[in-house]
Amino acid sequence: NTETIIIEVPSYIREDLIHRETRNNNANSKQDQISLAHSNHKTQRFEVVPNARTLVEVLDYQKSSKYMAKICWSAIHPVSIEAIEYEFDEDMSLLLSFDVVQSGPILNQKIIPINVSVDQLVLGIPVTLFSVIINIVVVLMMSCGIIYKYLWKEVDKSDTKKND
Amino acid sequence: MFSVFDMKQPPIWTITKVFWISKVLQYTIIFFTPCIESQFDTSTTLLLDNFPQLDQSQWYNAKILNKLLSWDSAYYLKNILHMAQTPDGIYLPEYENEYAFSPFVWSSVLRFSVKALLLKEDTPFLLLVLISITNIIHYCSTIALFYLTRIVFQKNSMYKYQKQTVFRIAMFTCLLFIFSLSGGFQSTFYSEQFSTLFTFLGMYTREYSTKYTGSFTITIENKALYLLTSVFFTVAAVNRPNCVINGLFFLLDLQKFIFNKTSQHSELKNKLNDHRKREALYPLFSGCFMLCGMVYTVYYTPFQIFCNTSNSADNLPNWCNNSLLSQLELLKLNSLVPTFVTRNSLYTYIQRRYWNVGLLTYYTANNIPNVLIALPNVIYLFMAANYFQWDFNSFNLHSYCYVSFAFLIMICGWAHLQIINRVITFIPLHLWYLSSCFAKNGNSLKVKLYLAWVIIWWPLQTVLFANFLPPA
């Protein structure tokens, strides 16, 4: 229930065009917005209309950075997310766009809740995944310790006995 | 480490200890995984918002149980909480794809269990109750597997095992079953455990009620228990349609009655043959009972719901119009098949449409990692079926070998291969193979390699599941 796209922010963007405070006067803010102010990741919930193009404007991103945009929806709503794209328009708005398409039966809901997340990539890994990776590494190290103590050493012992 | 093989301890007590220690360990691992807001797939928060009756203020929900609402759990939860009642009093899921998640058996069992416990659906203990019921069923399956293993190896006609060896095989099988490669899927309310329990009960009653004296000589000692087997197998199959391959047991038993070679003396031969013809009716009746149960749940019920409406034929789902009758007209067999038996069942249609399940459709480059994690179970089950069929030469295990081969063909041909790790739980043959290798040689490399993979995969899969990461 997740679709992703990698966003590359070029280095030539003017600082005043990517922050909410400086944009509000001149920006068209009709579409939904997600702001990364004081953070390198953000998840925000939106109510979207199925079978229509959805636009989300990303604000407060950093120059020369990479982000992973992630759109999640619950499996209890039979929809799929298709044609995810991003673009910087003429006034350097970062616009994320995607289709929410019904993937089977006619939907009973007129609006579907979705989560849009924008995570900065550090060493090519989304920052929110670091805690998960640490979790996995700790568990794997414990497993390897158990294998070494109770399986590998047991094999060693039995081999030594055979040689004796 | 191996004090679990101490015969002085009652086996139930040992299994109980190991089982609940494994559960404490598994839920401790889940406790230490990041919270649901940090999961890779953040949709669990959306799911929970959809069900405000689930009280989120309880620490055990936030720290453990909410993390178990990943993947298919969302469908099961929705079926339990959201199925709408029709004027006929039947509860139906909202969307057609939700029919793949056992709405009439497992979801209903959980629904009625919650009601039987006099709990309301808005109790903060709801997830705790659902997960506890599944764990109790898993525990009962482990006990059933112990006695099944013991009876299978005790009654073995070719190899007279000592009591101690049978005990070691049965206990080791239970250990492997508790710490199975199913991993995180065991920690939540998936439907597999229910079918596994009923399959093991069916296998036990079949073993208890039959006697083998040769490769083609089988007698039914307790007819009522043999018939009860078909009830158990039917419950398992209507819950998880892949358990329909348990029907092979009846087919193989029937074959043994038909092709039985008895005494050479003609008078005695005739008498015995008459008796065996009567006995052949039991597997025949059991198989037919199972077939009727399957046809009722897989064909008749969905046809009544989706196809028997006042809608015009154009508005009906494709599979409704695709009757098997039209396929059989050429063969003049159409009068034998009722109209509700369609070429594709609702289940097959859903699997194909929503999960792209079909013959060899799974084998694409991006699925290579999933194929790799499925390989240990595929290889060990193949080795087990091969060993017990040809090398071990034990008659009562041959039926299990055919069922295992059929299961492998089904999984490798049509399914998403990695789901073998969670749906294999109803087949004990690979566990018996590893246990008999262990009983012969405690340092068997084959066993150690499998154990090493279990020690890595069981906690790792639990972490992946709790973080809403693949494989699903």
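Note that Cβ sites are derived from N, Cα and C of the backbone, with glycine treated the same way.
Unlike curated records, TrEMBL annotations are generated automatically.
For reference, TrEMBL has these:
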| type | residues | note |
| --- | --- | --- |
| TRANSMEM | B:125-148 | transmembrane segment |
| TRANSMEM | B:169-190 | transmembrane segment |
| TRANSMEM | B:224-252 | transmembrane segment |
| TRANSMEM | B:280-299 | transmembrane segment |
| TRANSMEM | B:368-388 | transmembrane segment |
| TRANSMEM | B:400-417 | transmembrane segment |
| TRANSMEM | B:451-469 | transmembrane segment |
Are there residues at least six beyond either end of the transmembrane segment (B:368-388) with Cβ under 8 Å to its Cβ atoms? List them, or say none. 181, 394, 397-398, 400-401, 404-405, 407-408, 411-412, 416-418, 420-421, 424, 427, 429-430, 432-434, 446, 450, 453, 457, 470-471
Are there three or more C-beta pairs under 8 angstroms joining the transmembrane segment (B:400-417) and the transmembrane segment (B:280-299), sequence spacing 6 or more? no
For the transmembrane segment (B:224-252): best-contacting stretch of B:125-148, B:169-190, B:400-417, B:451-469, by Cβ pairs under 8 Å: B:400-417
Contact ranking winner - B:169-190, B:400-417, B:451-469 against the transmembrane segment (B:125-148), Cβ under 8 Å: B:169-190
Do any residues of this chain, six or more beyond the ends of the transmembrane segment (B:451-469), have a C-beta under 8 angstroms from a C-beta of it, and if so which? 26, 29-30, 33-34, 36, 39-41, 43-44, 67-68, 70-71, 176, 179-185, 187-188, 373, 376, 421
